[in-house]
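Trainee: Below is a structure I'd like to ask you about.
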């Protein structure tokens, strides 16, 4: 089978992750990260041929300068690789209700991404910049750009899952509903779980837990999403690195009325100063929480709240599985590496038949997948995610 090389771009507000992946076998030829955009220390780091390299982009550099560097410096050193590029895949955080699957980028698609900016004000504008710069930098691939939406996998949710108990007109007229996030990751690990269990995806019932600086849980029934913890925005749901997740909405009124905080201040509090950072008042890093759980009250407090919330979601989503749960799957930076998070969470779910195997749990870290429960237990798995591969495969499929 001939190779299908795809450039995968993930543009954030102040960074750009990139990789060149062979969609036929998953081989990663180049990967890198440009970061600190708009700052004096803007830099780019990349790996190629097993070696790591780094360079300054220049003070104030952003997406345009980063893509220019990728094209004119990194790929210029690999002309054969550059000549074999067949498509460009773009990760898009929010596609609203308009996009239920990946699509080739057109003017209509660009407008749809713009229309979803209110629901992803930091991410979607950056994605649009990435698309515009890719179209300029790779004119030969102008009709080979593909948008892959984090929200698409969740578009199979039934109405009872995605509607809020608000006036229905807010949904009909303004699109206020649950959309979810991390859909590409939830889809990937669901596929991998089906392979491990030797079961068709359409018959698979799993609960997938994508745990990183942002985190979400998804109920997958018969291979399709039927509920997910993130909502209109990625603020709802689990305790995250700096995001609060679920809370009583009246707290917002109290912060404003009784404490004099502005809407902008409350937004900053809930999105950038809460979660693990808020609970520890030290850091958003789960490694600190895990390393200091036994000795520091702030770490124990944060870990206990984090795992309590996660266990509640897993427990409640079990009720949506029509009487059969094949597995719980952990993925993402925390899900793949924080053995303590997995153990403390599953220990709360003994009633559902989970019993952790300590040795297996400790072994399934640092990129290693595997079963983490005892043979007599209900199954829990660690499966490292690979969102970039899904994006590359979708881009290759749609542009074939």
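Placement of Cβ uses the backbone N, Cα and C atoms for every residue, glycine included.
Copied straight from Swiss-Prot:
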type	residues	note
ACT_SITE	150	active site, proton donor/acceptor
BINDING	10, 387	Mg(2+) binding site
BINDING	17, 210, 211, 212, 213, 214, 285, 286, 287, 333, 334, 335, 336, 337	ATP binding site
BINDING	91	substrate binding site
SITE	182	site 'Transition state stabilizer'
SITE	243	site 'Transition state stabilizer'
Trainee: For residue 91 (substrate binding site), which DSSP three-state class applies?
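Mentor: The residue in question, residue 91 (substrate binding site), is strand (DSSP, three-state).
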Trainee: Under a three-state reading of DSSP, tell me whether residue 285 (ATP binding site) is helix, strand or coil.
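Mentor: The residue in question, residue 285 (ATP binding site), is coil (DSSP, three-state).
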Trainee: Checking the contact step here: among the recorded positions 10, 150, 182, 387, which have a Cα within 10 Å of the Cα of residue 17 (ATP binding site)?
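Mentor: Cα filter at 10 Å returns 10.
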Trainee: How would DSSP class residue 387 (Mg(2+) binding site) in three states?
Mentor: helix
Trainee: Of all the recorded positions given, 91, 182, 243, which residue's CB has the most CB neighbours within 10 A?
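Mentor: The residue with the densest Cβ neighbourhood is 182.
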Trainee: Of the recorded positions 91, 213, 243, 334, 336, which one sits closest to the residue listed as 'active site, proton donor/acceptor' when you measure Cα to Cα?
Mentor: 91
Trainee: Can you tell me which of the recorded positions 182, 285, 336 is spatially closest to residue 387 (Mg(2+) binding site)? Compare CA atoms only.
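Mentor: Nearest listed residue in space: 182.
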Trainee: Should any of the recorded positions 10, 211, 213, 243, 334, 336 have a Cα within 10 Å of the Cα of the residue listed as 'substrate binding site', which are they?
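Mentor: The recorded positions close to the residue listed as 'substrate binding site' (Cα within 10 Å), listed in sequence order, are 10.
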Trainee: Find the shortest Cα-Cα separation between residue 336 (ATP binding site) and the recorded positions 10, 182, 243, and name the residue that gives it.
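Mentor: Among 10, 182, 243, 182.
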